[in-house]
Each structure stands twice: as C-alpha cells, then as structure tokens.
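Novice: One structure, as structure tokens, below. Some questions next.
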Amino acid sequence: MERTFAMIKPDGVRRGLTPEILARIQRKGYRVVGLKQMVIARETAEAHYGEHSERPFFGELVDFITGGPVVAIALEGENAIAGWRGMMGATNPASAAPGTIRADFATTMGENVTHGSDSSESAARELGLFFAEGELLA
Ligand code: DAT
Ligand code: MG
C-alpha cells in the first residue's frame, strides 16, 4: 500500500471539476484518507514547489496555486503514486494521453487542474506539508 498527495488546483475547483475528479479517484479504487478544501498560504506553496524556485515561472506558479481554494487529498492504494500520476497525464496537457485528466480538462501547462506527488519521498514530504497527522485516517 502506498500513500500519495493529490490536489485539485484552483482552476479545477473554480471550474466545478471537484466532483468529476473525486469520482474518477473513487472509480479507480483509491481510498481517500484525507480531504479538505483550503487556500494555500504563500510559504506553504513556496515550500511545496521548492524544487522549481529558480525557474522563470516560479512566481506565476505560486500566485496561481494560492489564488483560490484547492482541494487537498491524501490517497491510499496499491501503486498510488505512479497510478495517480498516470490518471493525471503529462504536465503539458497538449502531450497528455487521451482519457487522462489533463488531456480531458486542461489546455495550458500553467493551469493543468491537478497535482500528484512524483516519488515516495515527495509524497511523504507533501502529505506532511498539507496534513497534520490526526487529519489522516489510519
Ligand atoms: P507536475 O505538476 O506534472 O509534477 P512539474 O513538477 O514539472 O510538473 O511542475 C509543477 C507545475 O509547474 C506544473 O504542474 C505546471 C507548472 N509548470 C511546469 N513547467 C512549466 C513551464 N515550463 N511553464 C509554466 N508552468 C510550468
Ligand atoms: Mg511535480
């Protein structure tokens, strides 16, 4: 069993895609062990995307991700880290495979609807950043 951090980004929430995305997660069979709607604090966003701090798009990325409510989700399931990344599709929606969330619901790299941890180290770090221990189901 693996745990991963998933997020519906502000564009997805604003566009009313939360139920559709949660339905896909449930149909896949992942267990939702943490779920909350929140506005991300700037410091949290900068820590979350720390690996990109030197990239030219970093400021825009932090503005975007803090610019409206997100839905933070802790997922559990077999191979959940790579599996959820697969359901999201490639970072650039133009290259995302048909049937993936980013192919189906996004047109631009900057606003690509969902986030998913890219490794077990990222998953542990990001789950710790967004959820207190008591907020996650055993
Ligand atoms: P992912 O979200 O697929 O893990 P990432 O970690 O490389 O992708 O980048 C984090 C987010 O930053 C990504 O979802 C969208 C944004 N981003 C990445 N590369 C970008 C670029 N070249 N221009 C604008 N935004 C970009
Ligand atoms: Mg990433």
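Here the Cβ of each residue, glycine as well, is placed from N, Cα and C on the backbone.
Found this in TrEMBL, in case it helps:
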type     : residues                                  : note
DOMAIN   : 1-138                                     : domain 'Nucleoside diphosphate kinase-like'
BINDING  : Lys9, Phe57, Arg85, Thr91, Arg102, Asn112 : ATP binding site
ACT_SITE : His115                                    : active site, pros-phosphohistidine intermediate
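I'd like to know what surrounds each of these features in this structure.
Specialist: Mean pLDDT, taken over the domain 'Nucleoside diphosphate kinase-like' (1-138), works out to 98 on the 0 to 100 scale.
DSSP assigns Arg85 (ATP binding site) to a helix in the three-state reduction.
Under a cutoff of 8 A between CB atoms, and with a sequence separation of 6+ in the same chain, the neighbours of His115 (active site, pros-phosphohistidine intermediate) are Phe5, Ala6, Met7, Lys9, Met88.
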Novice: Once the DSSP letters are reduced so that anything not helix or strand counts as coil, what is His115 (active site, pros-phosphohistidine intermediate)?
Specialist: strand
Novice: Drop a 10 Å sphere on every Cβ of the binding-site residues Thr91, Asn112 and tell me which sphere holds the fewest other Cβ atoms.
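Specialist: Lowest Cβ count within 10 Å among the binding-site residues (Thr91, Asn112) is Thr91.
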Novice: Counting other Cβ atoms within 10 Å, pick out the least crowded of the binding-site residues Arg85, Arg102.
Specialist: Arg85
Novice: Helix, strand or coil: which one is Arg102 (ATP binding site) in, per DSSP?
Specialist: helix
